[in-house]
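Chemist: Before I ask anything, here is the structure I am working with.
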Amino acid sequence: MRVLEIDHPLVAHKLTVLRDRSTHSSVFRQLADELVTLLAYEATRNVAVAPVQIETPVTEMTGTKLSRPKPMVVPILRAGLGMLDGLTRLLPTAEVGFLGMVRNEQTLEVTTYANRLPEDLSGRQCFVLDPMLATGHTLIAACEYIHERGARDITCVTLLAAPEGLKAMQEAVDPSIDLTIVTAAIDEKLNEKGYIVPGLGDAGDRLFGVVD
Ligand code: URA
């Protein structure tokens with residue numbers, strides 16, 4: 001498993017505004033979107049490409065284009081939806097599938113309540129979007145799911161990661177998966193409620209407002 005913590009002043013600036021409790025949902029959404037586009041630049045570094053022959057106005061040349069099969073982007077509902085546009089802005093031809101997962105706030109266990117993914121993901125590069133890698137349970141379950149359908153190349157894009165969650169992923173995810181985690185920061189720890197510290201709170205609530 002590779003872990004890329006993106007070290008860039010724009011990432012650090014936007015993340016700091018996201019962390020600030022006084023940042024309103026509308027600004028949070030906008031900044032999360034911009035931040036994901038910056039992360040997407042690194043997350044797509046190994047996206048599959050193929051040579052293509054083109055003609056410029058001056059001459060012929062061999063260029064490079066994204067190859068097939070199309071990459072698959074999988075936001076984890078609900079909070080991963082706030083990351084979708086930020087990633088597909090750089091990969092507009094990608095297909096989008098969905099996984100709905102919710103964690104029980106008492107046990108921190110994860111259940112899957114929705115799945116809209118192709119049956120066969122063999123040969124597909126998959127980009128899984130979930131803003132908070134906390135215990136790791138959600139992303140472990142998502143990687144297993146995607147792997148069962150045949151994908152071997154999975155990149156998880158997160159805004160924040162906890163060391164505990166990274167360790168859990170390292171131990172639990174099948175080593176035959178070519179797994180990369182791209183994150184804007186690795187924070188200090190999880191608290192007793194499973195929240196990332198210092199973190200940014202509940203990413204879904206911050207993005208979409210609290211639903212009672
Ligand atoms: N999910 C969140 O939204 N925030 C955390 O800090 C941990 C999990």
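Glycine is no exception: its Cβ is also placed from the backbone N, Cα and C atoms.
Quick paste of what TrEMBL says about this protein:
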DOMAIN    6-209  domain 'Phosphoribosyltransferase'
BINDING   R78, R103, D130, P131, M132, L133, A134, T135, G136, H137, T138, D202  5-phospho-alpha-D-ribose 1-diphosphate binding site
BINDING   I196, G201, D202, A203  uracil binding site
Chemist: Out of R78, M132, A134, point to the one nearest D202 (uracil binding site) in space (Cα versus Cα); all of them are binding-site residues in the record.
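Modeler: That would be M132, the closest of R78, M132, A134 to D202 (uracil binding site).
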Chemist: Relative to the Cα of A203 (uracil binding site), which of the binding-site residues R78, A134, G136 have a Cα no more than 10 Å away?
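Modeler: Cα within 10 Å of A203 (uracil binding site): R78.
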Chemist: Highest CB neighbour count within 10 A among the binding-site residues G136, G201?
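Modeler: Output for this query is G136.
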Chemist: By a simple count, how many Cβ atoms lie within 10 Å of the Cβ of I196 (uracil binding site), its own Cβ left out?
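Modeler: Other Cβ atoms found within 10 Å: 28.
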Chemist: Fewest neighbouring Cβ atoms within 10 Å: which of the binding-site residues D130, D202?
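Modeler: Looking at the binding-site residues D130, D202, the Cβ with the fewest others within 10 Å is that of D202.
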Chemist: Pop the Cα-Cα gap between A134 (5-phospho-alpha-D-ribose 1-diphosphate binding site) and I196 (uracil binding site) into the table, whole Å please.
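Modeler: Counting only the Cα atoms, the answer is 6 Å.
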Chemist: Enumerate same-chain residues with a sequence separation of six or more from M132 (5-phospho-alpha-D-ribose 1-diphosphate binding site) and a Cβ-Cβ distance below 8 A; give 'none' if the list is empty.
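Modeler: Set apart from M132 (5-phospho-alpha-D-ribose 1-diphosphate binding site) by at least 6 residues yet with Cβ under 8 Å, we have A79, T158, L159, L160, I196, G199, L200, A203.
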Chemist: Compute the C-alpha separation of D130 (5-phospho-alpha-D-ribose 1-diphosphate binding site) from G201 (uracil binding site), stating it in Å without decimals.
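Modeler: Per the Cα atoms, D130 (5-phospho-alpha-D-ribose 1-diphosphate binding site) and G201 (uracil binding site) stand 14 Å apart.
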